[in-house]
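Report on one structure; see the data block that follows.
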Amino acid sequence: MSSFTHFNDQGRAKMVDISDKKATVRTAIACSSIVVTKEIYDKISHNEIGKGDVLAVAQIAGIMAAKRTSDIIPMCHPLLLKGVDVSFDWKQSEEQYRLLIEVKVKTEGSTGVEMEALTAASATALTVYDMCKAVDKGMIIGETYLLEKTGGKSGDYTRNS
């Protein structure tokens with residue numbers, strides 16, 4: 001079992017020294033979702049939310065969040081990201097509509113981009129909530145999870161279904 005790396009010899013928080021780690025291409029894919037009513041789905045689909053184009057704004061928020069992850073996650077290294085892609089897909093069941101959010105992040109560096117992908121997925125869902133809460137505050141933000149990561153010393157990872 002791996003040990004926690006963000007503690008020093010005194011058991012206090014530290015930022016891990018990555019200066020000896022090899023720079024490699026690293027990717028991460030994270031997912032989240034938000035469940036909305038048919039009314040919100042229709043308003044998003046027809047661009048009728050008063051604050052603007054919900055998916056465009058949420059997409060930009062996700063990209064911005066990935067770029068600023070080290071500002072809000074204390075032990076996260078600031079990274080030069082090579083790419084961030086936020087995509088959406090709708091799934092319907094009865095009168096509930098689930099907006100699936102997938103974020104792909106890529107870099108070439110000494111540490112992974114899992115936190116950037118997870119932060120971006122979360123911020124994207126939160127932005128949808130913020131933009132639509134005037135219509136219905138009962139939206140439900142779903143699980144946020146790492147789907148896949150590649151590169152680095154720990155190797156590749158793919159979430160089991």
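Yeah, the Cβs are placed from backbone N, Cα and C, and that goes for glycine too.
Annotated in Swiss-Prot:
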type: BINDING; residues: M75, C76, H77, M115, E116; note: substrate binding site
type: ACT_SITE; residues: D130; note: active site
* Structure fact -> If you measure between the CA atoms of the residue listed as 'active site' and M115 (substrate binding site) and round to the nearest Å, you get 22
* Asked: So which one is it: of the binding-site residues M75, C76, M115, which has the fewest other Cβ atoms within 10 Å?
  -> M75
* In which DSSP state, out of helix, strand and coil, do we find C76 (substrate binding site)? -> coil
* Under 8 Å by Cβ from E116 (substrate binding site), counting only residues of that chain that are 6 or more apart -> A28, A66, K67, T69, C76, L79, L81, V84, V105
